2 protein chains.
Amino acid sequence: MGKVLVFGHKNPDTDSITAAISYAYLKQQLGMDAEAVRLGSISGETAYALGQFGFEAPRLIEKAAPEVQQVILVDHNEKQQSVDDLNDVQVIEVVDHHRIANFETSDPLYYRAEPVGCTATILNKLYKEHGVEIPKNIAGLMLSAIISDSLLFKSPTFTEEDRMAAEELAAIADVDAQVYGLEMLKAGADLSGKSLEELVSLDAKEFTMGAAKVEIAQVNAIEVDDVMKRQAEIEVLLNSIIEEKELDLFLFVVTDILNNDSSVIALGRAAERACTAFNVGLTNNTATFKGVVSRKKQIVPVLTEALK
Amino acid sequence: MGKVLVFGHKNPDTDSITAAISYAYLKQQLGMDAEAVRLGSISGETAYALGQFGFEAPRLIEKAAPEVQQVILVDHNEKQQSVDDLNDVQVIEVVDHHRIANFETSDPLYYRAEPVGCTATILNKLYKEHGVEIPKNIAGLMLSAIISDSLLFKSPTFTEEDRMAAEELAAIADVDAQVYGLEMLKAGADLSGKSLEELVSLDAKEFTMGAAKVEIAQVNAIEVDDVMKRQAEIEVLLNSIIEEKELDLFLFVVTDILNNDSSVIALGRAAERACTAFNVGLTNNTATFKGVVSRKKQIVPVLTEALK
């Protein structure tokens, strides 16, 4: 078996980057020539986590072939969220915590998904199942992923299994999760110095829902108004993306990490239907989703149901 | 959470039936109201295994809803192999050892696939991971599944992990795997008393390969010629199924369980292409695939590649 690349989704978040590093390390310990790589830019939050635990960002790739024939996906499975030439390589493993869609293989594979809040929680189990000790700095990365995906343990995606994993990892990493976590989230919510292009693409994901093509971008913020007051410029950008990708809906979600509400800008022919599904009206293309912080658990299922 | 039905694929083989029983039992021990059911008739081989270990056949269902809202799939994931109303219920778990295709969910789920020869091998791990003891009679069923899927440990799908699981399960079940296994396979290969309709449907599975709709039926036999001499009648049946389901290919595979070759009848517009992929010519719609016993590992990947 030749080298295997391990990567998370495009527009990688902290879980995608750290899961690639953490799982590649585990596979190396088990004898595989595995290398963690990434499919996009590192966010401010992820850069903070990598820096705190002494890691460099993984190498950026645009294509997997012909460098390798085999890849491992972490933190995603949907083809449109993955490397562009996914069809040219063999997916031999997936470790993920999302719904399964637009994913198909010719051969049997190792697929491990669990309905938990973070890939790191599953990786924590896999280390145990294989009897491999988690190094201190990798535990720090895995803890960072759980903090990121759960908005410091407050998202409805956060399960009892995530809580136990976070406790174990914080102990190994020797970190106060609350203190460290708030600093990390603040680093990610610092939107100064971000261009609007970056804001709408940093954590954007595409979905197919029924016949509809949907893109949902999410940013965390401390001052939501600082983002929303640039609505006019943002709409120009979103409309150009809608046209270019022939989207039925672009949902731009700005999540207040302190009060846990999200302000959204919804554009595209499915925008009204989308907001109706959340029982809120769309005013001037915007709405507030009270208590909604999780794209995966609170937005994608509702939209999938509404648009199918 | 209400009752959850656990089932394997249509035209169930021994692994599908026994995995449903074995996993439903494990889930019951973990507190779930789980019931094993089946989507089709029990084969002679499976009936033998159930009888040996004191089990009745699970209840036959045609639809999952409205009886339940949630289901667990074992030994399959492709929609066309599953219950007809799969879209009306939520798949909360999958335990499988096949490729992933035509499978999609709205929500995150527990998905456990491993590239091993049998679902029972994965279930053996799950019992350990949850610290639940495998009862003697369930171990017998799980061993039966491994024997069935591996044609008594001879199929190329049979891995080191399957071998270890079979050893452990034989010890728990207190069974001589070779002696018991040959008797079980013979019970399954006894085709006397089977109608031709039963032969071509007993272990038939549908696949989508590229744009092609393919059905592959497999029977095990000791006297392959007893089946092949009825080719003319079989072809009439296959052609009517091709017409009814608008198939591009029907591959009827008769596997000699003693010498491990398969004789095939290939019909449909893709029949020539299919056999070319196996480097054999089609003579009078028939061919011999030397050393081919595994649909999953030796037939489906080759056809998928050839027809894509």
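Cβ atoms here come from the backbone N, Cα and C positions, even for glycine.
TrEMBL annotations: computationally assigned, not manually curated.
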Record-annotated Mn(2+) 2 site (TrEMBL): member among A:Asp33, A:Asp85, A:Asp149, A:Asp162 besides A:Asp15, A:Asp75, A:His97: A:Asp149
Average pLDDT across the domain 'DHHA2' (A:181-307), rounded to a whole number: 92
Other CB atoms within 10 A, centred on A:Asp75 (Mn(2+) 1 binding site): 30
Listed binding-site residues (A:His9, A:His97), ranked by Cβ neighbours within 10 Å, top entry: A:His97
Cβ contacts of A:Asp149 (Mn(2+) 2 binding site) (under 8 Å, same chain, 6 or more positions away): A:Asp13, A:Thr14, A:Asp15, A:Gly117, A:Cys118, A:Ala120, A:Ser155, A:Thr157, A:Phe158, A:Asp162
Proximity to chain B among binding-site residues A:Asp13, A:His97, A:Asp149, where any Cβ pair is under 8 Å: A:His97
Between A:His97 (Mn(2+) 2 binding site) and A:Asp75 (Mn(2+) 1 binding site), the C-alpha gap once rounded to whole angstrom: 6
